[in-house]
Amino acid sequence: MICHVLVIFTILVSAVVDATASYEPTDVFLINCGDTSNNMDYSGRNWTTENPKFMSSNAVDDASFTSSASYQESGIPQVPYLKARIFRYDFTYSFPVSPGWKFLRLYFYPTRYGSDFDAVKSFFSVNVNRFTLLHNFSVKASIPESSSLIKEFIVPVNQTLDLTFTPSPNSLAFVNGIEIISMPDRFYSKGGFDDVVRNVGRDVDFEIDNSTAFETVYRVNVGGKVVGDVGDSGMFRRWLSDEGFLLGINSGAIPNITGVKINYTDKTPAYVAPEDVYTTCRLMGNKDSPELNLNFNLTWLFEVDAGFAYIVRLHFCETQPEVNKTGDRVFSIFFGYQLAMREMDVFRLSGGFRLPMYLDFKVLVDADGTSQRPSLRVDLTPYKEDYPTYYDAILSGVEILKLSNSDGNLAGLNPIPQLSPPPQSITPLKGKGKSSHVLPIIIAVVGSAVALAFFVLVVVLVVMKRKKKSNESSVDTTNKPSTNSSWGPLLHGTGSTNTKSASSLPSDLCRRFSIYEIKSATNDFEEKLIIGVGGFGSVYKGRIDGGATLVAVKRLEITSNQGAKEFDTELEMLSKLRHVHLVSLIGYCDDDNEMVLVYEYMPHGTLKDHLFRRDKASDPPLSWKRRLEICIGAARGLQYLHTGAKYTIIHRDIKTTNILLDENFVAKVSDFGLSRVGPTSASQTHVSTVVKGTFGYLDPEYYRRQILTEKSDVYSFGVVLLEVLCCRPIRMQSVPPEQADLIRWVKSNFNKRTVDQIIDSDLTADITSTSMEKFCEIAIRCVQDRGMERPPMNDVVWALEFALQLHETAKKKNDNVESLDLMPSGEVGTTTDGEDDLFSRTTGHVGKSTTTDDSVLVVGDERSGSSWGVFSEINEPKAR
C-alpha cells in the first residue's frame, strides 16, 4: 500500500513539474500464449511465456493445449501470432494487479494450428470477473481473410483480473496474446478535461462508476497518420487515420503546420493523447470563402453495435496562428443528428493557443431493428449566430468506447449470425485411449469416405455441366493480394480470393438457404409474388426469418441464357462487397438443381419505374432534387467499385433498371452477373474480353476494340444521367431522325444552348439553370466516344454533389427557374478551362438542412459511407 501511495504521489508531482511527461504504467503483462520462451515483438516490447501461477488450478485435465500456426501470412508478425493456446473447456487466467481500471487487449490470428485445430471455425465467449466481453464470438467473422485482430477492453479491477475463455458447444476457443496495462486513475470514467460526461439528448450529465466496463471500438487521429502503440503516450494505444470514416469526397482540409509545440496542462496532461494527435487536425477549409462552409459539415461515420451506449471522446487543439482569440472559430457538434454542443469555441474552453483539450459525450445507439451495425454519425458545422471570424470547425482526434449494459455485457452479435457454431473438423482430445474405441472410429471413417466420394462425384458432374455452358471466366482472382495486419474492428488486410464454388462459400460472407426455406419464403414460387423478370429469371418478393424480413428472391430459369456462370459471378462479387449504395446480398441457395440469390428488398423498385411511370395519375414524378440524390447515390456505388476495393471492379451493365431504390429512395446498384475484375497490376491498363452489356448503354470504344476499362461504366452511367434529365428512351423510331438517338440529341441541343427545350416537362418548374448546366456538363463528358476523355467516377460524384448544392442555393435565393440560360463551356468533345475549374474546386457533401436550437446541421446521406464498415476487399478508404 505504501508503494502505491508513493507511486501516485510521484505521478502527481511530475504532472505539476512537467506536464509533458508520458504515463508510466504500474501493471504490465505481455503474455505470448502457447510460447515456451520470451520474445521481443517488432516494436521492441518483450513478451513473456505463460506463468503457471496465473493459470487456474481448477481446470479439468487436458482443458487446453498449445500449437503453432501451420501457415502465417508475411504481413502478420510472429510475436504474438505464431503460437496459440487452445481451449477445449472453460479456462481461467488469474492476474494479480493493483486496484483500478486496466486495459485488457486480446490478440487473435484465425488460421490452422497444426492438425488439431482450425481457428477459422472457432466460436467462444470471454469473461472478465463479472463482465461478458465476448459471447459466441467468431474471430473469422469479424475480420477479413488472413488478418489478425486485437480486441481492447477497459475493465475495473479490485486486486485480481480473472480472464475466462469458454468454448461454444462443438467448438474450441483460442488466444494468441494477452496484454494488461494500467492507466491513470479513472482516465476514461471521470469525463473530459472538465471532468464531465455530457449526456446527449438529456439535461443531466452522465456518471460512470466501477460497475461499468468499456470496449474500445475506434481510436482515430483526425487529419493525421496512423500512430502505433510505441508512439502513444505510455498506454500503448493505437490510433488510426480518419480517412476511412469521412463522408463525402474531399471532406475538409488538413492544414500544413510544422514545428508545432503542444503546451500540455494539468487538465490535459501529456498522457491524454500523443503530440501526433494534437499537432494534426481536420478543418472545413475554404479560407478565402468561409461562407461556403455554411452549406456543408465535417462528417464522420463509424459502424457500431446497436443497442449500446457509447462514450465519444473528442480531442481539440487550436494550432493555427490566425485563430488567436475567443470567437474566432465557433462551431456546433452533433451525434446522429442530435445537438450535443451548440457553441464549441476551442480557444475559449482550452484557454488559448496550442493548449489541448478533450470532451466526453455519452451517445445511445438504439436497436431499431433496421440494422445490426448502424453508423454513429459525428457532425461538426459552423455556428453562425455570433458571426465568428471564421465559419469553420476543427477536430484532432476521436475515441469511441462501448459501455457495458446493466448486466455487465459488452458482447455484440457476429457480423453474420449463426444458429450454432460449426463443429470442428478435427478435435482430438489428449488422454488414454482404449482399443474398444478403434473399431467404431474405423467404421465411421470408412463410411464417411464413401459418402464423401459419392458427393464429390456428383459435384464434379454438375460443375462439368455448368462449364460446358460457359467457358469464359467472369472473375479473375487468381492473383493473391498482399496481406495486412491491423488493430481492432477496422482491419483492411486481405488474403487470397480464389474463386470458390457457391457451395463452399464461407458462411461469414453470406447465408446459405435450403430450398425448403426458399419455397417457404416465396410460397413455393407463387406467380403473384413475381416483382420482376430479367435475363437471369424471375424475381419474387419473399419473407424470411419467420416473416420478419422482406427479401427479393431471384431464381435462375432453366431456359436462361445467362445461366450458372452469371449466378456464380454475382454470388462471388456481392458476397465480398458491402456498401450502402450496392444492393446487399443476403444469401443463396443451390439445392435440388435450383440456383437462387436472396437480396435485400427494395420497396421503390427501379429508377426506370419512376422515370417512365405507368400510372402517371397515382405515381408522382421525381423532383429534380430527388433525381440528383439518386444519381449521387448510384455514382457513389460505382465509385466504390472502381476505387474502393482491392482491385477495380467493372460492372458492365449499368442502366436504369439496375439502379434500385429503397424505402427512402436511396439508390443502390444491382445485378453483378456481368461484372469483371479490372487490371490487377500497375502494368495493366485494361481487360480484354468478349463484349457484353445492354444495347444503348454499351461503351462504343469497348464494342469496337473489346478492351474493357472502368470508363466503360462511366459511359453507361452518362447515358443514365441523360435519361434522368430527359425522361425518354435511348432510341426512338417515331421521331425525326435528329431526335432518334438520345445522346446525339442532347449534345446537339447543349451546343445550341437549347437543352431547356428537351428536358422532362415535369422538371420545367422545378429545375434550376445553374444546377442543370453542371449536370449536363458532367453527363456529356461521361458519354464521350474516347474513354480517356471521360472523367473518373470520383469527379462524377463531386460534380453531381456540386449540382445539388447549386440547386439548393438557387432555391434559397428564389432564382427564376422559368428561364433557363445555358452557357456551355465549349463545343462538345473538347475540354476547356471552365470545365477544368469545375473539377478542381473543393467542397463537402451537401444535403438537406435541419435546425436544432439555433444551430443548423447540414444533413448528408449517411448511407453514402463508407463504410462502410468491415469487408475483405477494402483498400483505399478515401474512395468511399
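Cβ coordinates are placed from backbone N, Cα and C, and glycine is handled just like the others.
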(request) Examine the ranges 415-441, 820-846, 847-873 and name the one recorded by Swiss-Prot as region 'Disordered'. (result) 820-846
(request) Look through Asn210, Asn484 and state which residue has the annotation N-linked glycosylation site in Swiss-Prot. (result) Asn210
(message) Radius 10 Å, atoms counted are CB only; among the binding-site residues Ile531, Val533, Val539, which position scores highest?
(response) Val539
(request) Within 10 Å of the Cβ of Asp653 (active site, proton acceptor), how many other Cβ atoms can you find? Include all protein chains, please. (result) 22
(message) In whole Å, how far does the CA atom of Asp653 (active site, proton acceptor) lie from that of Ile531 (ATP binding site)?
(response) 20
(request) Looking only at the domain 'Protein kinase' (525-810), report the model's average pLDDT. (result) 87
(request) Quick one: give me the count of other CB atoms within 10 A of the CB of Gly537 (ATP binding site). (result) 21
(request) Could you say whether, by DSSP, Gly537 (ATP binding site) belongs to a helix, a strand or a coil region? (result) strand
